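Working notes, structure below.
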Amino acid sequence: MSTKKVAENLLKIVERADEKCKHMGVKLTTKRKQVLMGLVKSEKAISAYELADYYTQEFEVAMPPMSVYRILDFLQQAQLVHKLNIANKYVACSHITCDHAHEIPQFLICSKCQQVEEITIKKSIIENLQLNVEKAGFRLLSPQLEMNCLCEHCMVDAA
């Protein structure tokens, strides 16, 4: 993708994120926008510490990791980012610019390069999983699925 298209796409994502926050009655501050832009630009799962490093390099101002965590919590509540529990990293939601309702996300995480693909999973599959969980005497706390994988690029490199 050309630099111009990346910039246009980034602007569209930030504008849509700002609209979603206004609709929720919360503010997408400059720092929150900058952290979101860092996640979008990274195109892979990154940690709060990696985001703090990005922020320092990009804006020449240090942001403590605790501040990054607070911003990530806000962005997660606003459904703009997802926390990947397996990797303890974050990724921008791939549906920020969409207007339609979304299914439950499933994340395919490349264990080599940390690239993440967000795909949807049918609600019926989650319902079956939930039944199995309940039969085992547990309660499902989150339907989010994360799978360790190898992306196509890393598979080619490994061959």
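Quick reminder: no glycine exception, Cβ is built from N, Cα and C everywhere.
Record features (TrEMBL):
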| type | residues | note |
| --- | --- | --- |
| BINDING | CYS110, CYS113, CYS151, CYS154 | Zn(2+) binding site |
| BINDING | GLU127 | Fe cation binding site |
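Features as recorded by TrEMBL, highlighted on the structure.
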residue	record	Cβ contacts under 8 Å, 6 or more apart
CYS110	Zn(2+) binding site	VAL116, CYS149, LEU150, CYS151, CYS154
CYS113	Zn(2+) binding site	LYS44, CYS151, HIS153, CYS154
GLU127	Fe cation binding site	none
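Put plainly, the binding-site residues CYS151, CYS154 were compared by Cβ crowding within 10 Å, and the winner is CYS151.
Report note: the Zn(2+) site is defined by CYS110, CYS113, CYS151, CYS154, and the residues of the same chain whose CB lies within 8 Å of the CB centroid of those residues, excluding them, are SER111, LYS112, GLN114, GLN115, CYS149, LEU150, GLU152, HIS153, MET155. In the three-state DSSP scheme, CYS110 (Zn(2+) binding site) falls into the strand class.
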